[in-house]
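Student: Sharing a structure with you now.
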Amino acid sequence: MLIFETYLILFKTVQITKRRIERRRLRLLNQCFTKKEGVSNREMASYNYVEVLQKSMLFYEAQRSGRLPESNRLNWRGDSGLKDGKDVGHDLTGGWYDAGDHVKFGLPMAYSAAVLAWTVYEYREAYEEAELLDEILDQIKWATDYFLKAHTGPNEFWAQVGDGNADHAWWGPAEVMPMNRPAFKIDEHCPGTEVAAQTAAALAAGSIIFKETDASYAAKLLTHAKQLYAFADRYRGKYTDCVTNAQPFYNSWSGYVDELIWGGIWLYLATNEETYLNKALKAVEEWPQDWDYTFTMSWDNTFFASQILLARITKENRFIESTERNLDYWTTGLVQNGKVERITYTPGGLAWLDQWGSLRYAANAAFLAFVYADWVSDQEKKNRYQSFAIKQTHYMLGDNPLNRSYVVGFGQNSPKHPHHRTAHGSWSNQLTNPPSHRHTLYGALVGGPNAQDQYDDDISDYISNEVATDYNAAFTGNIAKMVQLFGEGQSKLPNFPPKEQVEDEFFVEAAVMHNDTTSTQVKAVLYNRSGWPARSSQTLSFRYYVNLSEVFAKGFTEKDIQVTAAYNEGASLSPLKVYDASSRVYFAEIDFTGVVISPRGESEHKKEIQFRLSAPNGSNIWDASNDYSYQGLTSNMQKTTKIPVFEDGVLVFGTLPDK
């Protein structure tokens with residue numbers, strides 16, 4: 001056994017050494033290329049690509065739904081969507097929220113997972129070098145675990161959780177969503193080929209990248225991938241005909257043939273079985289004969305990705321030529337029907353396809369260019385495609401006319417107001433309140449500028465300033481490639497992410513409504529503005545402390561003081577309780593136990609009470625000036641630490657009187 005273990009260690013050491021030598025060789029080759037292209041050493045490594053990669057992956061952690069593990073690194077994220085699937089009798093918790101909303105749309109989620117897995121398939125060594133391989137696998141596994149849950153039968157898959165219309169009508173953190181979250185499925189009676197085949201691709205690609213570290217899990221993924229692909233192939237139908245709720249958000253514009261090609265390719269790569277390659281090639285024949293070259297890979301259309309993989313696998317000219325037409329259109333342009341056609345370029349050099357997520361499309365095209373450049377033997381094409389991908393990536397990181405990063409939490413003047421409900425952290429169902437985000441959504445790539453390089457960091461702009469799992473997928477791969485090219489000597493940030501400083505989450509604002517020698521009336525509002533993470537509570541209370549020295553001096557006791565309410569939104573009031581008998585300090589407890597106070601709406605996040613402490617009529621023994629909780633109060637509402645707040649009996653805000 002010892003001999004075997006020693007051999008295994010030596011074998012792994014040799015493999016690691018070989019990988020390092022190969023990475024060094026690639027770097028030297030690519031540095032030669034970049035110098036030929038006129039790119040200086042300073043420009044080549046003008047960013048810490050390992051840091052960008054580290055942050056880009058953290059974005060997926062921020063998108064997690066379900067019960068979060070102990071390893072959760074974001075103190076502003078908590079468990080959410082724990083009842084997902086309950087309406088249909090299945091556990092559909094987990095997965096990723098799609099974008100700045102909280103719907104779990106199956107098609108873009110599966111696409112994002114598949115592309116992320118593809119980035120590991122291509123650039124595993126770069127992730128290893130950055131010491132981020134375990135992390136990217138963990139992020140992908142969060143999605144593939146969910147797909148396994150959602151695949152409840154060979155021909156049954158839950159393609160969506162959450163109603164897009166209801167979800168988009170509310171603005172607040174995922175942890176306190178108020179709406180019902182229905183689940184929608186596809187099956188043999190109402191199929192959805194796009195989602196089934198795309199998920200099969202994600203699971204098949206996942207099986208490849210997990211095989212080295214967890215063979216049993218990889219085998220499980222592959223089993224489900226085969227079943228889902230068989231389901232997609234046998235029972236064909238447009239998924240939005242069955243999951244109609246997805247139509248306004250993720251309609252299948254390109255149809256399902258591209259997903260059948262894509263899924264077949266990944267199953268072939270995972271199994272090496274010609275059957276799947278033949279199925280993919282057969283599906284190619286069903287694709288429109290006039291292959292488009294003016295678009296790029298997206299959640300809706302994976303043909304542009306598939307043709308690159310098929311070019312590598314089959315070496316057929318039709319796939320090679322189609323791939324190069326597409327990449328030429330995005331780079332230098334190509335002559336079609338006697339005229340040069342080329343993607344629109346902004347004055348600052350962004351390859352600009354569409355306003356809605358302009359950077360997402362440029363990142364996707366860049367990833368395809370990187371992958372193809374790695375394979376093509378023609379040095380001029382290799383240089384051209386790789387140069388394009390590098391420039392597009394650098395544009396996103398800050399090499400643009402605005403000199404700003406489009407990655408949240410990275411670089412110069414990065415976005416501060418992405419269209420993202422949970423990161424914003426509103427407690428009042430308003431995207432304008434608070435005026436600034438409470439949380440940093442590290443690593444998120446925003447939609448991006450218009451065709452004139454103009455961009456406004458506006459939370460309300462979901463076209464240019466939203467984020468999404470598909471936006472970051474290929475972008476993450478591009479950064480991994482940049483690590484491979486230029487990341488030598490770079491390292492990830494230590495102790496990242498930093499723990500956010502927690503603001504006052506629970507507190508009381510109060511004002512004096514009346515005060516004389518017989519009574520004091522106070523208006524108090526108890527707030528739940530929790531955000532680390534946001535959470536509803538039914539066990540909140542606060543205490544109002546008084547000093548009864550003058551009452552006892554006149555021969556009265558705490559039992560002579562009444563505590564009553566003129567206006568009350570659900571609290572119970574206690575008679576005065578002793579706090580420090582020697583100092584004659586007592587308190588009234590205003591207890592909202594059983595009343596839900598939640599940071600999910602203007603009225604829902606706060607509760608008001610107007611209470612009075614009264615001495616016997618005509619006694620004239622009352623003097624509030626020495627009362628602890630009265631200190632600093634005026635006729636205007638203000639936050640006060642002298643009215644402490646408790647949750648389930650534990651102090652969560654304010655200070656107690658000295659004893």
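The backbone N, Cα and C atoms fix where each Cβ goes, and this holds for glycine too.
Here Swiss-Prot flags 1-500 as region 'Catalytic'. Residues annotated as active site, nucleophile in Swiss-Prot: D101. Among the features that Swiss-Prot reports, region 'Disordered' is placed at 413-433. Summarising the annotation, Swiss-Prot assigns active site to H419, D457, E466 and lists sequence analysis as the type of evidence. Taken from Swiss-Prot, the feature domain 'CBM3' applies to 501-658.
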Student: Compare the Cα of H419 (active site) against each of the active-site residues D101, D457, E466 and report the nearest.
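Tutor: Result for H419 (active site): the nearest of the active-site residues is E466.
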Student: Applying a 10 Å Cβ distance cut-off over all chains shown, what neighbour count does D101 (active site, nucleophile) have?
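Tutor: D101 (active site, nucleophile) is surrounded by 23 other Cβ atoms within 10 Å.
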Student: Within the region 'Disordered' (413-433), count helix residues (DSSP H, G, I), strand residues (E, B) and coil residues, in that order.
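Tutor: Counts, helix then strand then coil: 4 helix, 1 strand, 16 coil.
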Student: Suppose we draw a 10 Å sphere around the Cβ of E466 (active site). How many other Cβ atoms does it contain, all chains included?
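Tutor: Other Cβ atoms found within 10 Å: 21.
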Student: When you measure from the Cβ of H419 (active site), how many other Cβ atoms are you left with inside 10 Å?
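Tutor: For H419 (active site), the 10 Å Cβ neighbour count is 25.
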Student: Long-range same-chain neighbours of D457 (active site), Cβ under 8 Å, sequence gap at least 6?
Tutor: P415, K416, H417, N465
Student: How big is the gap, in Å, between the Cα of E466 (active site) and that of the residue listed as 'active site, nucleophile', rounded to a whole number?
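Tutor: E466 (active site) to the residue listed as 'active site, nucleophile', Cα-Cα distance: 9 Å.
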